[in-house]
Amino acid sequence: MARLNPLSFTPGPVIFFTCAVYIALFAALLTVHLRVPDYPSKTPDGVNLTQAWSDLEKITRRFHPYNSHANDDVRDYLLTRVKSIIASKKLGGDQVELIDDNESNATFSSGSTTVYFEGTNIIVAIRGSEDDEPYHSPQSSPPGERRLDNGGVLVNAHYDSVSSGYGATDDGVGVVTVLQLLSYFTESKNWPKRTVILLLNNGEEDFLNGAKAFMRHPISQIAHTFVNLEGAGAGGRATMFRSTDTEVTRYYKASSHPFASVVSGDGFKKRLIRSETDYKVFYEELGLRGLDIAFMEPRARYHTVEDSTRETSLNSVWHMLSAAIATTSGLASDTSEQFSGSEDEHEPYTGKVKTGHGTDAVWFDLFGKVFVVFQLHTMFALCVTLLVVAPLFLIGLTFGLSKADKNYLFARKAYMYSSDDDHPVHLYGWRGFFRFPIVFSIATAVVVGLAYLMVRLNPLILYSSPYAVWSMMLSAWFSVAWFFSRGASAMRPSALQRMYALIWLFAGSFALLAFVTVLSNNYQVAGGYFALFYFAGIFLALVLSYLELFFAPTKTAFARYSAQGDEPVSRPLTGTTTAARSEEPPIADDDATETTSLLRGDRRSFARHSGRRDSIDDENGNRDEEPVQLDLKQPYPGEQDWSGKLPGWLWLLQLLLVAPIVVILVGQIALLLTSALHQTPADGNSSLFVYLAFALLTTLLLAPIGPFIHRFTWHVPTFVFLVCVATVIYNLVAFPFSREHRLKVYFVQQVDLATGNNRVSLTGVDGYVQRIVADLPSAQGEQINCTTPEAANRKELMTCTWPGLPAQVVTRASRFSNKTDTDGWLDFSITTSNKTNEATISVAGQNTRACRIVVDSHHSGVTNVTVAGAVSDPRFKAVGETGSREIRLWHREWSHPWNVSVTWPRENSKPSGRIICLWSDANAGDIPAFDEVQHYLPVWAIPSKISDGLVEGFKYFQV
């Protein structure tokens, strides 16, 4: 009895190894993605995780947005901690300086909005051990004009939270990381070579205001590189969101647990990700080179009360802290000039530090252990090389096979001597060529159809059950692909089916790589890096298939061998010939005729070859030839007999070439996009885009199974099909939200201060927000008006408004005002000059430090804005090119007035509009409507702020 080959291309080994590869890699990827590495028992000198956690608990006790009294308390605590750390270290004096910045202000514009902001940043400068010159000389030169040098490193985190969240992850972990960096770098053994600037900025949540104020301080010109610490979730791993260039990114490589993909960087670069961080200011406006390290999931807890210490962990703190230490230490140890600009590019007052030019980068991690980074130009060169070399190499192999008479691809017939033979041997080389594209198209169409079905019937199920959606799509693609591939193989078996599938995969990945190459060269998009490895693996696997054919007999030898009667000349179109032949009764000895085979009991004979043999004998003079001896093993049932000569184990090498690298790289991208996108439809993003992304990635993940799937027996596909049915049913009928994955609804209360009328609004997903509002006590019996929001990025949502509980943001703060009615919350006056197009608007809000002046939409806006006390800066334009229709005012003092001078075009009418003041402090129960929403929301929903203020009190004005 022949021994079973455990590596042969038969169902058992194929099922075992294919399932083992995919299951093992999927499990490993999910473990790395979902589990945060444990913090070490021993930390580096200067790092105290217990103290870091204590700091995090203290600064996140209450909501602390810029416009809240709790924000002042957090600032006082941070100042105390910074002073305590500096005092406890040996490094001090001229080496470390604390800057309590209560002076910097900035006036700038974005679009049709002007912002005046007064900063309250905390800055600590640690002079580098190799920096001999003073690093801080405020009086020496204005910002934007200072000496060129090799620069230092800026590390930034913001200590303000949003008005609806405690800010543990956004950005409390970043803040305590900065405190630990201060403790670490002020250890004498850790003294950095380059100056390190530690910035705790205030006001990031409202318009990146704190970073803008930092630009006004002279010390902003010291650093040439930066590390920005952020948070957009609650716990988990901190990923490197984006980076400016290859040279900076290489220093992240020292992180003990890297977690990053350039795909997220491309998302920011191409504006697919709407939110912004201080990275934008440091890179685009200050000219620094650096990177963003941030938490990114779960987004359902972002900017809510669940962004708390309860939802994060010390492991998450260590993950960010360890990455920050490694990256900052590396950058601060770089004494080269790669981050320095040249003299000839220095232009006074450009506002940008001269940091040289970096190269676009490609980066990704492998299982959170290895970090790969190289230049985008290198990727482009490799792509072009593969696109040229791979086809030429395959053409060469094809030519070699043809010369060796072993090219069975597309071969219909073979002849013993020449095409003049009467009866050629049929090789069926075309059989199976069109199977893979048909199977691939049908399976892909099914998952795309499921995507549209989900969008139609239950689009938000991916909000709480993204992995159920993944299971549905993966199982659907696999089961459909198996059904058609196995069916085709059963009807028309072909030994070339695997090779033809690889040829089609080669063609498809060639087109994909060509597309990625164009994107990388013309648009600097690096997220297609996986296509390079995808194509390379398929190319090598296909090369093995070509080499495998060199083990086959020559077509001529096989034809002669078949003609001898030892093997059948050809097989019918079905794969049942062998079985059918075995069921026919053998010809008895007594029935032997002149055409009976010499092998008794075998119906195969020379009769069908007699005519051909006669012609051959006539042509060749009845020459005698030695019988052709071919050691053909039994082929897989139903497949071409010549394939019995092929090695049966090469398929495993092919599987290992195409599957693991695809699963690892595409799987990591799939998990990253899942975390980043699956809860964005609740913010107004398109759910169809997310489902189609899942469908595309499903196809990319499972396509490498295509060459092998026809060997699977029915057992595994049946189980997978049952999983598909179960997940389809679940995804169609399950409620999309849960206590763990709450739907965010966005709150704001608007008060007409002249009349006292107030309207509370909740914005959320259509169909769900109405249910939420209807159950609120204050909305019962009231007329609820639901309309589409005006904001372009929330057109997919619905805003429901009703008369809410009156706000008490001023009456309880009696120390700020003796007035108890809403009219006293905001005072303003307008003074006009002799000129017909100028006016000064004085605004004073009670118990607030944030107000706005909004010009009506029918007016073109103002062309000049000057705020009393503002310092001009040539780097900032107070008004954009199209004018300003909104002026946002922020003051570091409470209830402090603003005097704003505005100018408008002479040909326009005098502006009119609204003056609005904001109240954002929800800690003391001064906003009963918000407290009511928090209290009465169903367990599957949670409130968040929709704008800078929870309460907007307004009065109308006319110049």
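Cβ from N, Cα, C; glycine included.
Relative to the membrane, ALA563 and PHE712 occupy the same side according to Swiss-Prot. For the Zn(2+) 2 site, Swiss-Prot lists ASP170, HIS303; matching the candidates GLU205, GLU276, GLU337 against that entry yields GLU205. Cross-referencing GLU97, GLU230, GLU247 against the Zn(2+) 1 binding annotation in Swiss-Prot, which names HIS158, ASP170, picks out GLU230.
In sequence order, SER161, VAL162, GLY165, GLY167, ASP171, GLY231, ALA232, TYR302, ASP307 are the residues of the same chain, not among ASP170, GLU205, HIS303, whose CB sits within 8 A of the CB centroid for the Zn(2+) 2 site. For the topological domain 'Vacuolar' (520-524), the residues of the chain that approach it from at least six positions outside its boundaries are 269, 360, 376, 379-380, 383, judged by C-beta separation under 8 angstroms. ASN48 (N-linked glycosylation site): 15 other CB atoms within 10 A of its CB, across all protein chains. The glycosylation sites examined here are ASN105, ASN785, ASN864; by Cβ neighbour count within 10 Å, the least packed of them is ASN785.
Here the topological domain 'Vacuolar' (454-463) has Cβ contacts under 8 Å with residues 300, 469, 678-679, 681-682, 687-688, 690-691, 694, 731-734, 736-737, 741, 743, 765 of the same chain, all six or more residues outside its ends. Every protein chain considered, the tally of other Cβ atoms within 10 Å of the Cβ of ASN834 (N-linked glycosylation site) stands at 5. Sequence-distant contacts of ASN685 (N-linked glycosylation site), defined by Cβ-Cβ distance under 8 angstroms and a gap of at least six in the same chain, are LEU677, GLU796.
Its own atom aside, the Cβ of ASN102 (N-linked glycosylation site) has 12 Cβ atoms within 10 angstroms in the protein chains shown.
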